[in-house]
Amino acid sequence: MEKILLVDDDLELCQMLAEFMELEGFSVDQVHDGEQALQQAARQQYAVIILDVMMPTLNGFDTLKQLRGGSGDEARTPVLMMSARGEEVDRIVGLEIGADDYLPKPCSPRELVARIRAIIRRVALENGGSSNNDDNLLSYAGLKLNRQDFSASANDHPLALTQTEFRILECLLDHADRLVTKQNLTRYALNRNLGPYDRSIDMHLSNLRKKLSQTEGCHIQIQTVRGSGYRLFDRPRDA
């Protein structure tokens, strides 16, 4: 599991992004100012550091300069900068002092994750290896998902899924046999928070269940845990 360091003084945004990235399969540590970021990066090796620009004590630009000026492994850690200051000059400054990518805020959590994965793939190739295709493949009890081409199959029978159905199945498969809350599943699949009386995710789940049940030899079940969320598991039909 790739480790990410998320550095942002906006605690609510930080928590939301961390939860989303964890649903995507990353392990996330959070700190909230530049000094903490430098200390944490020196203690722990990360695949990517996500660094906000506007922070107290030590801003993102100064943090990045100190990071790149070090002699340890952290000096080579890829950095993705985020800022509400989206002016071209800020992006240029960030890239010139050593950022690997720059994303204006507010940003889509999905785009953030896509950029993180792109950085990880690029670093793997630059290091003489190949990007880890296993990260793009999910498999459980005959159910297979490919995150790269968004294809899915059950017992080698193709599943014709909508984008939202794919995202739901991806999230549940990432947490097979474990509870996924309705709030987290809604945030992951629909890219928004769950609202009062919101049944959108239930309708998508109903269609997904129907497609799975109609697939020959597929024993995958999606259980509704009343008042909590959902759980994907394998149960033979005659069990």
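Cβ atoms here come from the backbone N, Cα and C positions, even for glycine.
Feature annotations, reproduced from TrEMBL:
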- 135-234: DNA-binding region (DNA_BIND)
- 3-120: domain 'Response regulatory' (DOMAIN)
- 135-234: domain 'OmpR/PhoB-type' (DOMAIN)
- D52: 4-aspartylphosphate (MOD_RES)
**Study point:** Residue counts (helix, strand, coil, in that order) that DSSP gives for the DNA-binding region (135-234)
**Key:** 37 helix, 29 strand, 34 coil
Review point. Mean pLDDT, the domain 'Response regulatory' (3-120)?
Key: 88
Review point. Taking DSSP three-state, what's the residue listed as '4-aspartylphosphate' in: helix, strand or coil?
Key: strand
Study note, to complete from the structure: The DSSP breakdown of the domain 'Response regulatory' (3-120) into helix, strand and coil residues is 57 helix, 24 strand, 37 coil
